[in-house]
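Listed in Swiss-Prot:
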- 19-39: transmembrane segment (TRANSMEM)
- 48-68: transmembrane segment (TRANSMEM)
- 85-105: transmembrane segment (TRANSMEM)
- 129-149: transmembrane segment (TRANSMEM)
- 156-176: transmembrane segment (TRANSMEM)
- 178-198: transmembrane segment (TRANSMEM)
- 224-244: transmembrane segment (TRANSMEM)
- 252-272: transmembrane segment (TRANSMEM)
- 283-303: transmembrane segment (TRANSMEM)
- 309-329: transmembrane segment (TRANSMEM)
- 344-364: transmembrane segment (TRANSMEM)
- 366-386: transmembrane segment (TRANSMEM)
């Protein structure tokens, strides 16, 4: 974790601008993810003639690479400093675009084309984990650890914004110039971000002796578990709300997803100081309560307006969960390990979103679509109970943390 430079207290617009000037590099990395997201499955399946399995695998490779590389990103950020990690990650995003370009050149050889696409996706996953983790830590190093919750919140906002912009923009690029046009756009975004990052001043890496990974995991895993349980609510909304509306015979699933996104981003913008004022665990418990009500409304909805209100409340509730628990998780370790702590904590959400889809799909096949929202509400209730326990008995007092220290 970088050592923040001592400076006068920041607040308001100046603080937000300082944070945005750093998290824009995470925006760039997620834009390179969003650009090919709506294009590559169709390209692999329709243009190259591969099965739906291979089309899905090409997309999933990036998520697996992100999941596996994220702990390394945190550790290297602690040792080398976050700016170097961000630049490294953005270079990975650039190379992913190069992989797409080479795949287009090799389109006459389908297997080589597929291998190059897969390689580009793996490199993109690694690049995103480094750019995302590094930009958060760089932002904290610039504005100070007091504002870590706000830095994490802004990172989430730019992530959603980049993904929302990237998908339609990628479709336009593909319609304009094919896979080559898409690849050049990805490379251009990443290269511009690298050129903007290089002149910016870096923050010093902390020189303290780092804890071993097992000790870091012992300090943050309970916070990560609460995050994983709460992420199930987001997972079932994002993945299955369209099927839910179809099963009910309703229109408006796309609008429901828009409501979720507006509630998610709006809550982060409306309550930027909530975590500092109330404390991370208190905010998390309030958020869990709102998310539970929202999921129960969706699961029991008899009319479309009930489902829409439920989706809105779920978005509001889930919005501050990640930064609220993340602030406490990161502060549970020494400064020289806070990069590793943030990365390890984030892995729990990655894993949760990875398994929520298949497991919820099995439950849906067995018991129907509405049941998955009731089940998700139960998981969020477990997160609420776990967080209440953490408030009463922090991990530093728990045997598993003590034995790892």
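A Cβ is built for glycine as well, from the same backbone N, Cα and C atoms used for every other residue.
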*Hey, which bits of the same chain come close to the transmembrane segment (129-149), Cβ under 8 Å, at least six residues off its ends?*
1-5, 7, 10, 15, 18-19, 22-23, 25-26, 28-30, 65-66, 69-70, 72-74, 76-77, 82-86, 88-90, 92-93, 155, 159, 202-204, 275-276, 280, 323-324, 326-327, 330-331, 335, 338-339, 342-343, 346
*Would the transmembrane segment (156-176) count as touching the transmembrane segment (344-364), i.e. at least 3 C-beta pairs under 8 angstroms with sequence separation of 6+?*
no
*Are the transmembrane segment (283-303) and the transmembrane segment (178-198) near each other by the rule of at least 3 C-beta pairs under 8 angstroms (pairs 6 or more apart)?*
no
*asked:* Are there residues at least six beyond either end of the transmembrane segment (252-272) with Cβ under 8 Å to its Cβ atoms? List them, or say none.
replied: 16, 150, 153-154, 156-157, 160-161, 164, 237-238, 241-242, 244-246, 304, 307-308, 311-316, 318-320, 323
*May I ask for the residues of the chain that lie six or more residues beyond the transmembrane segment (85-105) and have a Cβ under 8 Å from a Cβ within it?*
25, 28-29, 32, 36, 73, 76-77, 112-114, 116-117, 119-121, 123-124, 126-135, 137-138, 178-180, 182-187, 189-191, 193-194, 197-198
_Two-stretch contact, the transmembrane segment (19-39) and the transmembrane segment (224-244), at least three Cβ pairs under 8 Å_ = no
